[in-house]
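A short write-up of the structure that comes next.
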Amino acid sequence: MRDDLLFGFHVISCMQFAFAVYYDYMYIAIPPNLIRMHINFGGKFKFLTFWDAIIQAVFFFICMLNDWFGTNAVSPKKPPFIRKLKDYIHAILSFPIAMFVGVTFWALMFVDRELVLPKAVDPYFPWWLNHLMHTMIMITILIETILVPRTYPKRSNGLLGIIIFLFIYLVWIYIIYYKSGVWVYPVLEVLSLPLRLVFFSALITFSLSLYFIGEKMDNLFWGNKYIKHEKSYAKKK
């Protein structure tokens, strides 16, 4: 029964994010003359939110494959490749990026929504899609963290993975600015170069801290069970 419920949760999560990506890509068209950041160069792929929705859709699809062909055991001695892949993506991308996107978006919305989602966009970007991409991403990954065990990678490998991802996206932001003269996010337009560097440094630090938070949460929910499993296995030997 538990396995069926987990599979159902993974199917629903995968479908909602796949639908969000599809709907955003196919039907959301915000006039560039309304909001400068919606210029054609880069398309939807300018935004980390769009990247994250793709990441979550792919991640939960991998979870579905693991439900069928892998294992959700607390600490498998010889985990299959699909389980290793699921655990690694959860650690370096799915959890930290989902929480980063959700927390930073709503924090900036609270300070000044014009910095992230101007009111002028409301007629073109439905509220339910906003919540799929900025609220449900946090809820689903937190549920996944609580319900399903995983094995975190060696810390150096995990941190290297998320640093590479963040570096790629930062380079992409500057490529977009170089090609179009427009910053992807309005908040970057109001910051001087020194403040922009401080801003990026703070965001990178926050992202890395989310990796550690995910690791601590995994240990909180599954650490004791992992230890019990190891002791039980040792006694059997």
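The count begins at 1 with the first shown residue.
Every residue, even glycine, has its Cβ placed from backbone N, Cα and C.
Feature list (source: TrEMBL):
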- 7-28: transmembrane segment (TRANSMEM)
- 48-68: transmembrane segment (TRANSMEM)
- 88-108: transmembrane segment (TRANSMEM)
- 128-147: transmembrane segment (TRANSMEM)
- 159-177: transmembrane segment (TRANSMEM)
- 197-214: transmembrane segment (TRANSMEM)
Whether the transmembrane segment (48-68) meets the transmembrane segment (197-214): three or more C-beta pairs under 8 angstroms: no
Remote residues contacting the transmembrane segment (159-177) - C-beta distance under 8 A, at least 6 residues beyond either end: 41-42, 46, 48, 51, 88, 91-93, 96-97, 153, 183-184, 188, 200, 204, 207-208, 211
